[in-house]
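Here's what TrEMBL has on this protein:
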| type | residues | note |
| --- | --- | --- |
| ACT_SITE | E449 | active site, proton donor/acceptor |
| ACT_SITE | E458 | active site, proton donor/acceptor |
| BINDING | Y337, K346, Y347, E405, D433, M434 | S-adenosyl-L-methionine binding site |
| DOMAIN | 39-303 | domain 'PRMT5 TIM barrel' |
| DOMAIN | 309-478 | domain 'PRMT5 arginine-N-methyltransferase' |
| DOMAIN | 481-647 | domain 'PRMT5 oligomerisation' |
| SITE | F340 | site 'Critical for specifying symmetric addition of methyl groups' |
Amino acid sequence: MPLGERAGDKSESRYCGVETQFNDDMPHVLAFNLSHGSFDFVVAPLMDPAYRPSLMQKESGVSGVLPFAGSDLVLSPSQWSSHVVGKISPWIDLDSEDEILRVDSEITLKQEIAWASHLSLQACLLPAPKGNSCANYARCVNQILQGLNSMQLWLRIPLVKTDNDTMDVNSSNLDDSWEIWNSFRLLCEHHSQLSVALDVLNSLPSANSLGRWFGESVRAAIISTDCFLTNARGYPCLSKRHQKLVSGFFNHSIQIVLSGEPVHSLPRINSDLAANNNDNNVDGVQKHPLRPYLDYVGYLYQRMDPLPEQERFELGYRDFLQSPLQPLMDNLEAQTYETFEKDTMKYIQYQRAICKALQDRVPDDKASSVTTVLMVVGAGRGPLVRASLQAAEETGRKLKVYAVEKNPNAVVTLHSLVKLEGWENIVSIISSDMRYWDAPEKADILVSELLGSFGDNELSPECLDGAQRLLKDDGISIPSSYTSFIQPVTASKLYNDVKSHNDVAHFETAYVVKLHNIARLAPPQPVFTFIHPNRSTDKSNNRYTKLQFGVSSDTGSAMIHGFAGYFDAVLYKEVHLGIEPSTSTPNMFSWFPIFFPLRTPISLHPGSSLEVHFWRCCRPSKVWYEWSVTSPSSSPIHNTNGRSYWVGL
């Protein structure tokens, strides 16, 4: 049964498994561990551990019946697929110098995977590579992956990273198990059905080193009973660092698998304690040797905070790639407007900014006599018009509003809103592109809502430069400036989703995405800044930036799949709005980050720096970005001439 109920959480991490020994009575294995022990699935060997193909042929002279753990008929198809993860024989060593062992290993691996496929298992656990060299193992697994159905292969990797910053990746000592995983998945071409099962040990690497794994394709975390400490009552518990790690697993849909023999001698408990331990024992007889460990994992799950309402709303968008809007080329649909209009925090910030601008523009002693001309350019269905009028009411200032909107469908809604609210004498609706409208008078304040996830990626600079002639020389623009930011990330899932399209164009496209299963490898750095009104003599919106990122030495090596992009905007003076993680506006959902993928992921080793180049390019009909990496190795320049991705003017 699931570990518990957590509001909003429907992820796989609610289910906990147990690693079992070989037993050819699979119905008993399931009954004991699921019905008796309350686990949700078993990681069970499929083949008798004594089996070796070479011995079997010597003894019989012919191929006999393979010693699998029972016929496929002993369990129902749904039991096999829902409750059994196949555990491939741990003795196999495809990179052994012993040719007989190597050949036996390859034969056995393929036989066991074929049997697991026949049973329609959802996943198989592959044993960890035996040494630092895993080329033949990876070759064999890659062959299997090419013909595999939907089954996942979980490669067992011990969670090891020493604090030796000068480690040699070619040495015989295993300093960083991530290197083994990285080598294996590169040999297998980043195959989307190859995942990781982390073997959690009683000693953990640094927090930065652990953080790398949340951007990798980790499906399970195997926790040995040796990892558990003993609490004051004699029951198993985990260290604070292990608890934090397990919470991270829960948050990233990583399933816990318990492994090993019980190492706690639990006291027989009296009836009062039994009542407080959810039938841990019945009549003083312990049910399942690992049940106390399962109960503790369940306790960790149940004490997690429920998902906030906003995160529940965003669950379906996690790591889901979306093309950015083209608001100049396309007219937005009613549903898109409605989603953005529900973002109350955004309009609270705009109202605060407009209040301050009105107070600076008109002194208190002239509040009743001076009327401020305010233009909302890109008014949509009117939320900024409403925020402006509420700001005027809050500050006691008189206002005249022009609502300029190019989308004729939104203009219909605007007219209805103005009539419904009785704003006819205050608000004039202009059905026009802001860049081409000839206004009867100039504005004191120009308010716009044209920002994209990367700040300027929905052409706010071009629109506001075109509308600047509508503003008085001493007029105020809200927003007054905005800056884009990028940071390198490990994002295995996003990379595989882009790769699945099998073309260059998708790797040269920026995507809007609710980032979740990623590892942020360095703090964000600013890229491009735009200021409004733009009083400079050089009106070009072309930009070029070169950035250097350093990854903390205790992180270890890491794989960079692309760059997460954000923005931060100054609406007016100290009122800001943004999604850059360190300064992000809370409880706001209008913008997800943007993701710039790399065609070939870059491996970054400790002590080396990452040099990144970003360009913003403009032509009369379109704007686009180009990006590349030049250190520690060079990537192609992505999206040359906007050949794959551009925003139309």
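Cβ from N, Cα, C; glycine included.
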Take every residue in the domain 'PRMT5 oligomerisation' (481-647), average their pLDDT values, and give the whole-number result.
-> 96
Taking the Cβ of F340 (site 'Critical for specifying symmetric addition of methyl groups') as the reference point, list residues of the same chain whose Cβ is under 8 angstroms away and which are at least six residues distant in sequence.
-> K346, G380, P383, S590
Which number gives the other C-beta atoms within 10 angstroms of the C-beta of E449 (active site, proton donor/acceptor), all protein chains shown included?
-> 23
Whole-number Å value for how far Y347 (S-adenosyl-L-methionine binding site) lies from E449 (active site, proton donor/acceptor) (Cα to Cα) = 10
Binding residues Y337, K346, Y347, E405, D433, M434 (S-adenosyl-L-methionine) - maximum C-alpha distance in whole Å = 24
By a simple count, how many Cβ atoms lie within 10 Å of the Cβ of Y337 (S-adenosyl-L-methionine binding site), its own Cβ left out?
-> 18
Could you tell me which of these recorded positions, E405, D433, E458, has the fewest other Cβ atoms within 10 Å of its Cβ?
-> D433
Once the chains shown are all counted, how many other Cβ atoms turn up within 10 Å of the Cβ of M434 (S-adenosyl-L-methionine binding site)?
-> 25
Between E458 (active site, proton donor/acceptor) and E405 (S-adenosyl-L-methionine binding site): CA-CA distance (Å) = 16
Tally every other Cβ atom lying within 10 Å of the Cβ atom of K346 (S-adenosyl-L-methionine binding site).
-> 24
From the Cα of E458 (active site, proton donor/acceptor) across to the Cα of Y347 (S-adenosyl-L-methionine binding site), what is the distance in angstrom?
-> 19
